């Protein structure tokens, strides 16, 4: 057996030939070298960046949850119009949804403060989910009010915050001196986040159409169908040339459009011969048939 091998047949490492005390003393001496000091500064910088990333992930999660709650609240408007609810109740729901969206914007303000002086694209992956859900909630509320699609510029105008807006929520990482220096914070929705949020909106409009049919509303499905056709045409121009996430959403958008058009067919062709309280059952059966055919294909 070679001298370099121990009793167990394993090679002895080179630093095992030196006493333990000598190795420790050498380490203590090297810790004050410029190279070690430089790497310590790198470590602090990376730790600070990772901590910021985790804070942004938590804020994005809060934005997602509150935006979903706003969407669930807005779905009550479909029922309020046809289940003996008065118009003021609809206004109350819209007012309550606006209050919830203001709370979401306060979370986005904290995100803007965290990204102050940083490159947004380095942290975009941490916040993209929350921003998409916020776009979906805002566009859904805008469609209920105006029956139209909100533009990306209008959304970005709502995400410009001043020092007065900062007083509504506790400050996070920015100090008072920084508040006075900058005065305003802004967070711009990227085109990809906007497109993905609009694509998710089509699923909520499809659910809105289903609820309308079940409640006896024969106008909303045709309005939603026409709107979804325009959205689908716009996404078709992008096709496979856009980001992968956008092309992936196109298939789901097509499914939602098919379900809404199927509801319009049931209302237009068989609406006169089927009682209103049975339209939802007929539509649900046809929707299940479409899902089965798509699953087979």
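Think of each number as a place in line: the chain as shown, counted from 1.
Here the Cβ of each residue, glycine as well, is placed from N, Cα and C on the backbone.
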- Message: Of the residue ranges 1-32, 33-64, which one carries the region 'Disordered' annotation in TrEMBL?
- Response: 1-32
- Task: For each of the binding-site residues (136, 204), count the other CB atoms lying within 10 A of its CB, then report the residue with the highest count.
- Result: 136
